[in-house]
Amino acid sequence: MASKSDVNIIETSSKVHFSGFHQMDGLASNRPEQMAEEEEHGQPFVIGVAGGAASGKTTVCDMIMQQLHDQRAVVVNQDSFYHNVNEVELVRVHDYNFDHPDAFDTEQLLSSMEKLRKGQAVDIPNYDFKSYKNNVFPPRRVNPSDVIILEGILIFHDPRVRDLMNMKIFVDADADVRLARRIKRDTVEKGRDIATVLDQYSKFVKPAFEDFILPTKKYADIIIPRGGDNHVAIDLIVQHIHTKLGQHDLCKIYPNLYVIQSTFQIRGMHTLIRDSKTTKHDFIFYSDRLIRLVVEHGLGHLPFTEKQVVTPTGSVYSGVDFCKKLCGVSVIRSGESMENALRACCKGIKIGKILIHREGDNGQQLIYEKLPSDISERHVLLLDPILGTGNSAVQAIRLLISKGVPESNIIFLNLISAPEGVNVVCKKFPRIKIVTSEIELGLNDEFRVVPGMGEFGDRYFGTDDE
């Protein structure tokens, strides 16, 4: 623990542009909340498909399902969650607005989706559009799946439902096409006459589309014009889904989390540095190799511009030129072990330092910083080999942001990450990027990463026997 004299020495001996130690009040180093129960299960990939009535949502869902034949996939329709029409409303059912958000039992929809995300089977009601009741027996049994497609006109309306989705698709179609499809569908499938369909369209469907459905288009990640006729868009969506299904569950939740592709070589190096019997020399050697891979991967996320050069043969090569304004910031002291790899990759790079030190049991922290004066103009590679609770990372990132560094300009590099720390950092800072080589099982009761690799700084710098 740093004494007052230590603080004064550091502050007075440093004649540069940093402010020494900062007293941070009320910053508890408590363990973050445990991951939600559903994250302990294999996380399904949830796709929301919204759009106006008869825009082609069902066709798009069917085509996605057909191309996901090798995956467990299921479609959940918002139509299944209509409220029952009571006896009073049934007398004037033609004046009942089925396109209003209040027509749906959103709470039941949320309950069913939460159970599916937790790996539990659910019974979903079957809604009868002739009796306007959801008591058709038997209910539809939906089992847990790798992919859940949630389809409906208003699934983007409630933010709680939107937050369940990993991908949001809006199916767009011309108004006249949607009207023609609706007339055909409602007369054939729902037993309605054309006059009733047109009356309902002008009274409820069209106003609801303009008031409630169209405004949710802004939440979509992907907009598909022409619906099921757009085969190129659907093929690209399916490719993206296959990519996500091959990733760690946390990568499906947080698009700003990147885990380098695992190979036998990488797993072999992890085996060596995790082994408590590995010598200091071998630990440093293989740690440096892994760190170099993480650094190289992190550099690949920097912005670039196209550049043409002339080769010794006189030919023109079209390549790229990465941004010049770059610096590293290591979290003392374990983060300093990553500096050599960064210098080897980026000759002459400036490297700053941050020390986050807990003082006593009151949760207060001392922060020491030594950063480039123009850090607000640079892309920052934040270095810390282990992401555990996420407390230190959060404080380091907040400090960088307070210095004017845009959140999107920070790339956090580490060797291993605990899910608890990933959740904390990604939720608080959704625009930073985290690059790691492996996701751990979690934290134990002593807040240590498991299976982990012990106290990294002590093992790397040879102070574990002191």
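Yeah, the Cβs are placed from backbone N, Cα and C, and that goes for glycine too.
Features as listed in Swiss-Prot:
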BINDING   Lys280, Arg289, Cys323, Lys324, Lys325, Leu326, Arg378  GTP binding site
BINDING   Arg333, Arg358, Asp384, Thr389, Gly390, Asn391, Ser392, Glu455  5-phospho-alpha-D-ribose 1-diphosphate binding site
BINDING   Gly454, Glu455, Phe456  uracil binding site
REGION    41-246  region 'Uridine kinase'
REGION    256-466  region 'Uracil phosphoribosyltransferase'
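Overlay of Swiss-Prot annotations on the structure.
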residue	record	contacts (Cβ under 8 Å, 6+ apart)
Arg289	GTP binding site	Met269
Lys325	GTP binding site	Asp374, Glu377, Arg378, His379
Leu326	GTP binding site	Leu302, Cys346, Ile349, Arg378, His379, Val380, Leu381
Arg333	5-phospho-alpha-D-ribose 1-diphosphate binding site	Leu355, Gly457, Phe461
Ser392	5-phospho-alpha-D-ribose 1-diphosphate binding site	Val331, Ile356, Asp384
Phe456	uracil binding site	Ser287, Ser334, Ser337, Pro385, Ile386, Leu415
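Taking the C-alpha positions, the distance from Lys280 (GTP binding site) to Gly390 (5-phospho-alpha-D-ribose 1-diphosphate binding site) comes to 27 Å. Calculated from their C-alpha atoms, the gap between Thr389 (5-phospho-alpha-D-ribose 1-diphosphate binding site) and Gly454 (uracil binding site) amounts to 15 Å. The two recorded residues, Asn391 (5-phospho-alpha-D-ribose 1-diphosphate binding site) and Cys323 (GTP binding site), have Cα atoms 30 Å apart. Residue pair Glu455 (5-phospho-alpha-D-ribose 1-diphosphate binding site) / Lys324 (GTP binding site) shows a Cα separation of 34 Å. Summarising model confidence by region, the region 'Uracil phosphoribosyltransferase' (256-466) averages a pLDDT of 90. The binding-site residues under consideration are Asp384, Glu455. Their Cβ neighbour counts within 10 Å are lowest for Glu455. Taking Cβ-Cβ distances under 8 Å and a sequence separation of 6 or more, the neighbours of Cys323 (GTP binding site) in its chain are Leu302, Pro303, Phe304, His379. Sorting the binding-site residues Lys280, Lys324, Arg378 by the number of other Cβ atoms within 10 Å puts Arg378 first. For the binding-site residues shown (Thr389, Asn391), fewest C-beta neighbours within 10 angstroms: Thr389. In this entry, Lys280, Arg289, Cys323, Lys324, Lys325, Leu326, Arg378 make up the residues listed for GTP, with the farthest two CA atoms of the set 36 Å from each other. Taking the C-alpha positions, the distance from Gly454 (uracil binding site) to Gly390 (5-phospho-alpha-D-ribose 1-diphosphate binding site) comes to 17 Å. Among the listed binding-site residues, namely Gly390, Gly454, the Cβ with the most fellow Cβ atoms inside 10 Å is that of Gly390.
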